[in-house]
Amino acid sequence: MGAADTPPVKRFNPYRAPRAPAAAPGPAPPAADSSDVTIRGYKGGTQEELVHFIQARARPPVQVLDSRTYRDSVFLTLAGHSQALAVLKLSGVQFKGRPLTIHPARPSRSSTTASKFPAAAKATPVTSVAAAVKDSVVEQLRALVKERYRPENKLLDLSDLDATTHLRREAMRSGPASKKSNFWPAVLKMARDQLPEIVSISLARNELVALDAVALIGRFFPELRNLSLADNAVATFRDLDYLARSTEPPRKLRELVLTGNPLRENERRRTSDDTLFVRAIANRFPSLRLLDGVPLPDDVVTRSPAAPASAPATAPLAPFPTLPVPVRQSFFDGDASMTLANQFLAAYFERYDTRRPELADWYDPGAIFTLFFNPAPPVNVTHPVPPPVAYLQAFQATSLGRKLTAKATDPASAFHPRVHKAQWTDYLSRSRNLTRLRDTPETAARRLHVGPDAILAALVRFPASIHPLEDGRRFSVYAWPLANLPPSAYPGPGPTPAAADLPPAVMIAVSGEFYQPSDHSLRSFDRTFILAPALPGSRAQAAGCPFSIRNDVLTLRHYAGSEGWDATRYPAPAVAAIPGALSPTQAQAVEQLHQRMGLTPADATQCLQQHAWDIERAAAAVQQMRTAGTCHM
């Protein structure tokens with residue numbers, strides 16, 4: 001054999017993987033519609049145990065043509081789309097104490113299945129399996145809505161869904177926790193798209209606890225009149241507030257059914273009466289007229305004129321119920337307190353918004369500052385229309401404001417701040433709300449700021465703010481003097497004057513709002529100051545402030561507007577008239593006993609008549625009966 005006949009020697013290539021040996025004869029290849037799924041979370045058992053588990057649990061029964069492991073996943077090849085769908089529905093079930101995560105496998109050219117079973121490589125792409133899953137669910141939802149609709153009453157009966165479909169339970173046990181509530185929004189949206197004329201909906205017997213899953217029902221059905229939540233698990237008003245305090249609650253709701261929920265019984269055990277429960281429900285749904293099939297009492301029904309069909313989203317809220325005493329925006333014990341409070345607050349907030357470091361001189365060396373964040377759910381309020389000038393100017397100075405106002409004919413029309421979804425990260429780490437602190441007492445002590453330097457260090461960390469000082473309607477101020485404080489309450493480096501020569505301190509309580517440009521949001525606040533006159537030589541006097549701040553407590557909360565102290569929104573309380581046929585002296589005695597003991601004019605008159613119109617005897621008798629627990633006046 002010559003050199004020409006010698007076969008060439010192949011060069012060794014270290015980067016070439018060895019060729020796989022030829023596959024041994026095996027079973028017949030699967031049908032062309034086989035599909036793959038990927039399973040994770042099986043670490044508690046073996047691959048064989050997992051395959052047996054899937055075959056035992058899947059309905060309808062499935063045939064696993066092949067199984068293989070790659071890293072932390074198991075790939076199963078199933079014969080047909082219907083079998084793949086059956087396995088995908090098992091996602092979330094417990095296997096060896098852990099939930100399984102099952103999803104369609106990604107197609108791959110180098111798939112082991114393609115190498116073993118050539119026909120499998122020609123199977124329908126796996127993406128079609130996911131599409132088939134989605135289409136299947138959509139079709140089931142569409143059929144469910146159509147089957148449960150009662151056109152004669154325009155009623156969508158979604159009660160006891162588990163009796164006819166497994167969709168709800170499958171949605172609850174599959175997917176991450178953040179997506180467990182997607183079932184109800186999907187059903188409601190499907191119903192809205194198919195049947196927009198719905199005015200009554202029943203969600204009875206569906207194991208609903210917190211109503212966040214159906215909080216959008218008012219958006220999908222703005223004409224909703226009747227809603228049944230009977231025989232669910234709503235146990236607290238907080239659960240109900242997901243619906244009642246939603247950004248788009250059912251504003252035209254006339255009838256609500258809550259029978260069979262723990263809420264009423266829980267409130268009855270707490271108050272031993274249904275009156276407060278009924279009032280609380282009526283306050284949450286102002287248009288409500290029937291609760292659990294019983295008409296609301298006339299004194300509970302919130303009467304408000306029907307809003308026009310084209311009412312803007314910023315329409316004012318319904319009037320509040322009648323209160324026992326008149327609502328007052330502000331209170332001062334005299335003109336001196338009013339002048340002092342207004343001047344102090346205007347100067348303080350102007351510096352707080354623009355020159356915050358200057359406030360260090362306003363605090364006493366022993367002053368205390370604390371911040372509390374109140375996380376109570378926000379009420380249904382909207383941003384002020386038109387916005388205060390200060391808000392609009394600060395908004396236009398931001399990049400967002402410049403962008404939006406440039407496109408608007410009226411800059412005020414572009415001002416739409418957040419009123420419910422403000423970010424509180426900058427405040428939460430400094431909040432000293434003891435009901436929510438779970439750390440050691442050292443944390444509570446660390447968040448108590450003492451002295452001007454520590455207080456200023458806390459204040460300058462808060463984001464920039466704008467207080468609407470030009471609009472006094474957005475503030476509620478109470479101020480009065482505090483007498484008989486100890487001499488140590490008065491700051492100053494020199495000798496402390498005698499107690500008789502000390503001027504009174506002042507308590508100022510203010511509620512209001514401010515705009516935070518950094519995240520384009522509105523917030524409400526309550527703030528309490530205790531001011532002591534600045535003595536000669538003190539830092540406050542040197543800074544030109546006649547008072548020094550001894551105590552400063554700031555409470556921040558979700559935006560609530562200024563309607564709470566708007567007296568025009570509240571009906572005038574009914575004032576009981578003093579019975580007639582009384583002499584001026586007797587009428588004066590009735591008024592004195594009424595003020596002194598807190599009796600109604602009628603009770604005061606009766607009491608004085610029984611004690612020969614002797615005020616002292618009548619007052620002593622009332623006090624004695626109250627001590628004995630026999631007085632119900």
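Along the chain as shown, residues are numbered 1 onward.
Cβ coordinates are placed from backbone N, Cα and C, and glycine is handled just like the others.
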Stated TrEMBL location of region 'Disordered', expressed as one of 1-36, 37-72, 217-252, 397-432: 1-36
Secondary structure tally of the domain 'TAP-C' (584-633) (DSSP, helix then strand then coil): 38 helix, 0 strand, 12 coil
Integer average pLDDT (0 to 100) for the domain 'NTF2' (340-556): 84
